[in-house]
Amino acid sequence: MHVLVLGAGQLARMMSLAGAPLNIRISAFDVVSEKIVHPLTQEILGSGLDTAIEQADVITAEFEHIPHDILHHCEKSGKLLPGAQAIKTGGDRRLEKNILDKSGVKSAKYYVIKTRDDFDHAIRHVGIPMVLKTALGGYDGKGQWRLQTSSDADEIWPEIQNSIDSTENQAVVAEEFVPFDREVSLVGVRDKTGKIVIYSLSENIHTKGVLSLSTSIDDPELQKQAHSMFSAVANTLNYTGVLALEFFDVGGKLLVNEIAPRVHNSGHWTQQGAETCQFENHLRAVCGLPLGSTKLIRPTSMINILGEDTLPEAILETDGCHIHWYGKEKRPGRKMGHINVCAEDYTGLQQTLASLAKVLDEESFPAVHQFTEV
Ligand code: ATP
Ligand code: MG
């Protein structure tokens, strides 16, 4: 099998690593250079997009912000999974909210803003405090504003207006501020026949809008809620592949924050913590193969490596730690890799995280520093 991935970042790279044992070969389309590249070496492969589409058995995507003309071009080949509509939905908060409403799952109250009148209406309808997010192009907390009091509206409006005016078809989605207890996400997979399997929920800690730590959690009640919301969304989208749902947990009740039509950063722990990792299961689904077990085999955390290209050797010396570098050039704050940390039980996991806090820099690994030895 040969799979063409739209996007040539770390997610394509990890699909390639997971696909190799199954003889699934990956090539990647770099949307910036518009070249077909090898997902591990970034070496440019001879063929252009048209040849790559022709040679692929299946086409999939590693992120949702793919130019629509390219998505439609790929969809015409009949090989694109998940389909263009699902991918576009993940890249546009208006479509996303629509799908959530259509699926009957709860999310924060919202209002779409194009004009100053809309903004004033949103303040009345959604209430304050409020979170404002660009409909297109947002990731890692970028393209967001917080409105704490209505008297700040005049001050932030020019920036919001500028953002709406500077991109075609742009708008801003105003959302009520959710006073959540914690953030969790569910990664699951739906195959071509509609069969759904899900991983254990993961609890996520963000620092400055960027995911910093994800840990598998064992919470049957929350898992049940998340499962039914996942099924509703995946079925509404008639989805094939791995899909991730991010939630706010408010007193044990889940609200969907956003959906990602792809393998997800909060699912990287499945490489060591689950029977079959999310990357392999995504490939199995889009290639029409039977799905692998998503069973949690041991409690696992994932620590994002942000802006660092070396780690203390102590990490490799620590039992249960696995480093995954992405082979990227160092830039401040950039996702350079991750560390998966496994243990026999949750107490052991907490202890290992506490021991890592002693060797990892506090600024680059803030979430780990909340753990202290028990
Ligand atoms: P991602 O990198 O996950 O794609 P993103 O930039 O698309 O991030 P969101 O996930 O919507 O944006 O928001 C980033 C973070 O901001 C959330 O993880 C959450 O901590 C906070 N946040 C977003 N919306 C709200 C809300 N309505 N109420 C409270 N906090 C929020
Ligand atoms: Mg998010």
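Note that Cβ sites are derived from N, Cα and C of the backbone, with glycine treated the same way.
Taken verbatim from TrEMBL:
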BINDING   R93, K133, 138-144, 175-178, E183, H206, 257-258  ATP binding site
DOMAIN    97-287  domain 'ATP-grasp'
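Here the features listed in TrEMBL are painted onto the structure.
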| residue | record | contacts (Cβ under 8 Å, 6+ apart) |
| --- | --- | --- |
| R93 | ATP binding site | K133, T134, A135, L136, G138, V173, E258 |
| Y139 | ATP binding site | H65 |
| K142 | ATP binding site | G209 |
| E175 | ATP binding site | A108, K109, Y110, V126, M130, V131, L132, K133 |
| V178 | ATP binding site | A108, F248, V250, L255, N257 |
| task | Averaged across the domain 'ATP-grasp' (97-287), what pLDDT does the model get? Just tell me the whole number, please. | result | 96
| request: Work out the three-state DSSP category of E175 (ATP binding site). | output: strand
| remark: Close to ligand 1, in the sense of Cβ under 6 Å, among R93, E175, V178, N257 as binding-site residues, are E175, V178, N257
| said: Using DSSP and collapsing to three states, where does N257 (ATP binding site) fall: helix, strand or coil? | reply: strand
| remark: R93 (ATP binding site), DSSP three-state class -> helix
